[in-house]
């Protein structure tokens, strides 16, 4: 069974109106201070993990109590995940760290169907969550021997540079005939795609973070954890296959010209990286200040191409979420997604991921246009490298019902008496059961077609069950 840890956070919340504090994200005004405290012990007989599979935190935001439900992002790393760095004499050093018991979670706020969360629990709680349409950031405060955390909105982070930041991709690439109607595009979990990526960190990043490889790794892991949530809405799993750090020097000429650097990176990937690490896509993360307002660039409709399934991203913000959105943006170009135009929407008042101008208030959602363009490209071009499902890293042992593990040969990992869909002796689905859980699953049966499973955001339309899946398919139409 997925081990459940119920944690209540006792929060003394103190809004600091007009005051400021220096946090990892920068100088922050108007924040709340909270003190997490674990009150509930582990269930009797449960095995203690360093980081539990499931956690719940209760706290107040603006005086209102909320419950944050978190689940470990078990698909974050590939089974053969590797890390590479270089010695002073130029030797390549490859390691395969144990990543099963990592500390990166995704989740939601209870009783808020539109909420999301992306949290690192490595050293306190750090990340962001969306509550009632508003995005909040949370991170530990830099106070010795204290459990204090700050909760705040991005708008309260003082901006050092107000200049517009843009993707360097232009709209003049060769286009293909789009599908005529959104209703022609029907995507389900059976068509899920799997994108294994490698992040390459250049030497300017090493200098920026003072050679602290642990800090660089945490920064990258947090970014990937964020974008996995964004890509779930496109039915694409993002898996980190490798992280390469150019610890001593750059292996290509990293220029301020985004075009030249992208070309060099693609050529290097084709002749070097692709032969060492199994992956579908590579992204270069640099602290080099690219020319003009450009903070990212990628080839369009290039997935699986050895030289062109690449992008570059400038580490342009101290707010991890903003760099993560830029990364998600460039990767989407590789999947055939163009920049959003005026008619594209991801909810009333929201700026979507594929806006050509990287908006500080951007949500981590793709627009209806992006959804259609991505799957139009996948269906027409059928890039083969994203078809294979990576191996899972779950524990494998003799299947025993109710033993807290999801093992080979079992459909379920909890005491089956708690779920009418399962046979307690075999941990297999009962005859006639269609599903176990999901927004369109009710007592082991798919909900009827037309049942609302996700309420609209703003002017968007509701999402409806299709009668053939437990998942809630995204409505391709928009208001």
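The backbone N, Cα and C atoms fix where each Cβ goes, glycine too.
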Report task. Could you look at 196, 448, 449 and say which one Swiss-Prot places alongside 280, 385, 388 in the Ca(2+) site? Result -> 196
Report task. Compare the Cα of residue 388 (Ca(2+) binding site) against each of the recorded positions 339, 344, 346, 369 and report the nearest. Result -> 369
Report task. Would you mind pulling the DSSP three-state label for residue 385 (Ca(2+) binding site)? Result -> helix
Report task. For the recorded Zn(2+) site, whose residues are 329, 333, 339, find every other residue on that chain with a C-beta no more than 8 angstroms from the centre of their C-beta atoms, and list them by sequence position. Result -> 167, 169, 296, 298, 330, 332, 337, 338, 353, 354, 356
Report task. Could you tally the C-beta atoms, other than its own, that fall within 10 angstroms of the C-beta of residue 465 (disulfide bond)? Result -> 24
Report task. List the other residues in this chain whose Cβ sits within 8 Å of the Cβ centroid of the Ca(2+) site residues 196, 280, 385, 388, in sequence order. Result -> 194, 195, 278, 279, 281, 304, 386, 387, 390
Report summary line: Those recorded positions from 329, 352, 441, 453 that fall inside 10 A of residue 465 (disulfide bond) by CA distance are 441, 453
**Report entry** Where residue 196 (Ca(2+) binding site) sits in the secondary structure, as DSSP reduces it to three classes
**Finding:** strand
**Report entry** Among 344, 346, 369, 385, the one of these recorded positions whose Cβ has the fewest neighbouring Cβ atoms within 10 Å
**Finding:** 385
